[in-house]
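Features reported for this protein in TrEMBL:
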type     : residues : note
TRANSMEM : 190-213  : transmembrane segment
TRANSMEM : 225-246  : transmembrane segment
TRANSMEM : 252-274  : transmembrane segment
TRANSMEM : 286-308  : transmembrane segment
TRANSMEM : 320-342  : transmembrane segment
TRANSMEM : 354-373  : transmembrane segment
TRANSMEM : 385-404  : transmembrane segment
DOMAIN   : 545-636  : domain 'Histidine kinase/HSP90-like ATPase'
Amino acid sequence: MSIIAALRTSKRVWLTILLVLAWVLVLALAVHGVERAARPEAMDARDAVQYQWLAGDEGDPVATDIREAVRQSLEGYVVDVPEGASKIRFLVNFELADTRAPQALYLALREQVSEIRLNGQIVQAADPVPKLAGLLTSEPAYYLLPPRLLRVGSNQLEIDKEAVGYAVALSEFATGPADALAQTFRVRNFLLTDLALIGVGILVFTFLLCWVVNWPDDDRPRIRALMLLLGASAVSTAFLTFSPPFPMNLKVFVAIWTALNLAFAVAILGYVLHEIRVPAALVRRVHVTWLVLQGMWLLALGLVMGFADNPQWGFIKLVNASYLLVCMAGIAGMFLLANAVVRDRGRALMERSVLALCLGALVLDRWGSIADLHSPFDARLPLTLPWSPIVGALMGLAMVFALAREATEARRTVIDANRQLAERLAVREAELQASYAERTQMQKQAAVMAERARIVRDMHDGIGGKLTGLRMQADTLSGPTLALALDDSLTDLRLIVDSLDTAEDGLSDALFAFERRLRPQVQAAGMRLQVDYGHDQSQDRFGPRRTLQVLRLLQEAVTNAIRHSGGNSLLLSTRSQSDGQIEIIVEDNGHGLDAGAEPGVGTDSMRHRARALGARLDWNSSAQGTRVCLLVSTRVDDAATGTDPIV
């Protein structure tokens with residue numbers, strides 16, 4: 001296992017190195033192509049140019065002697081500024097064989113150019129206002145040379161510049177065909193001015209986008225690190241691109257610029273460490289290291305400003321040291337990103353590759369400020385572009401793309417989660433519906449069985465018991481008595497049928513059916529039946545069992561009135577009470593009960609039925625007739641009514 005682990009580790013290391021080399025190759029090809037497009041092929045390579053110092057507003061020479069400024073690599077022709085000098089005039093001689101083709105002058109840097117003459121005649125009286133006016137403006141210059149001033153053979157250009165700072169320099173220049181130099185000027189001007197402005201805008205937009213979005217708690221440390229990286233890139237680019245809001249000498253510039261470089265270095269490492277998901281403790285160590293470096297930098301700056309005999313040398317060393325820190329952070333970031341790509345099997349390869357190329361360009365930019373660099377594909381092509389402002393736009397776009405990818409992945413995750421939840425919900429709903437259907441079927445079967453049991457019980461306890469009794473007494477009963485008993489049994493059977501027919505309709509329909517069956521009996525007894533239903537029919541859902549008990553009780557009361565009242569009128573009426581009860585009254589106009597008469601079996605049966613219903617039963621008998629009143633509640637369900645104790 002240890003051998004396999006070692007082989008895997010070795011493979012991962014080699015893949016990381018190969019990926020970094022691939023990034024370096026892509027960056028080198030891109031840099032070579034851009035540098036070739038932004039540099040004139042006819043750049044003047046002379047070793048020295050002549051100059052003389054000027055003083056006064058009218059530019060009178062300080063001395064008549066003409067000196068030579070030696071070329072100092074890519075910085076151009078540098079001259080130390082003597083005390084009292086305000087302007088310098090560089091004298092550039094060039095040969096021309098044909099004056100018919102348009103000619104132009106190209107300057108790699110047009111800082112402090114105040115006037116240009118061709119063969120003693122003014123070509124540019126004052127340098128136009130530059131697009132950018134930052135501390136280290138890198139804007140090129142292009143001047144069309146008037147054909148009327150050109151001569152076949154020797155020509156001389158006089159370039160006047162302001163003498164500012166410790167030294168003044170004439171940047172690299174070229175004279176030649178106007179069209180070719182104009183194309184080079186447009187490319188370089190776009191890279192150094194327009195693209196820098198676009199980059200600052202994109203960086204600020206991405207920073208604000210990260211700021212306003214409500215990120216999940218797990219992503220907030222990484223987003224804060226990204227905001228620091230974007231902010232450091234935008235501020236450093238703007239610091240060198242735009243005019244500062246206050247006067248700034250060399251000491252202040254060095255203090256701010258080196259602080260920005262330190263912040264840039266820690267921002268690079270902080271974001272890369274968050275991107276590759278390292279433990280938070282390691283990120284905190286990077287931040288602590290940054291605080292230590294800031295303290296050391298402040299101490300070194302104080303020592304240079306207070307004790308150094310040559311502060312300029314110390315300032316240069318401090319700036320170069322901050323450049324080295326950015327270079328080390330960028331190189332470390334590239335290797336960490338490559339290792340993360342290999343570890344994650346190519347996940348986020350595009351975003352991490354773009355970020356690695358941006359880090360490589362930053363390393364190139366900072367290292368190019370320390371030493372002169374040339375293209376690896378052409379040793380004669382120096383690398384002169386400041387790449388930090390150029391990659392700002394690319395870095396901002398890469399971060400926007402990464403954020404958009406994360407938002408898309410988050411949205412896709414939410415959609416997948418919703419789809420899975422919908423599928424699970426559909427399965428659960430199907431299971432629930434199946435369970436509900438099964439339960440409903442079981443309830444229906446239980447209701448059918450309960451109804452069957454009730455019917456059997458009613459038949460057994462009611463008509464069944466009566467018929468059994470008649471069968472046992474058939475030999476001893478007289479014909480009229482037997483017929484009367486059979487009529488009672490048939491009546492009870494009809495009541496059972498009525499309670500079943502109106503089980504879903506309520507007490508009102510049961511009373512209507514009861515009335516239809518009762519009216520022939522009352523008329524056969526020579527009496528007149530009157531009805532008056534005055535109860536609330538929306539509240540009389542009694543159920544079949546309670547309805548049967550009410551009908552049996554009413555049948556008992558009607559039978560007693562027919563057989564014993566001696567009257568000729570019978571009234572069946574209902575009323576609703578305020579407490580939710582229904583009052584049912586059976587009233588005749590007979591002679592009433594005899595004084596001292598004992599209650600019969602029918603009266604006891606009615607009392608037992610009322611008790612089973614949870615109702616109250618009252619009698620009121622006088623010489624004007626008998627009144628039976630049943631007060632039954634509508635709030636007792638059918639299941640609460642027990643089996644009938646009396647048949």
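Cβ coordinates are placed from backbone N, Cα and C, and glycine is handled just like the others.
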- Message: Would you say the transmembrane segment (320-342) and the transmembrane segment (252-274) are in contact under the rule of three or more C-beta pairs closer than 8 Å, pairs 6 or more apart in sequence?
- Response: yes
- Any chance the transmembrane segment (190-213) and the transmembrane segment (385-404) are in contact, meaning at least three CB pairs closer than 8 A with a sequence separation of 6+? yes
- Message: Can you break down the domain 'Histidine kinase/HSP90-like ATPase' (545-636) into helix, strand and coil residue counts using DSSP?
- Response: 34 helix, 32 strand, 26 coil
- Mean per-residue pLDDT computed across the domain 'Histidine kinase/HSP90-like ATPase' (545-636): 81
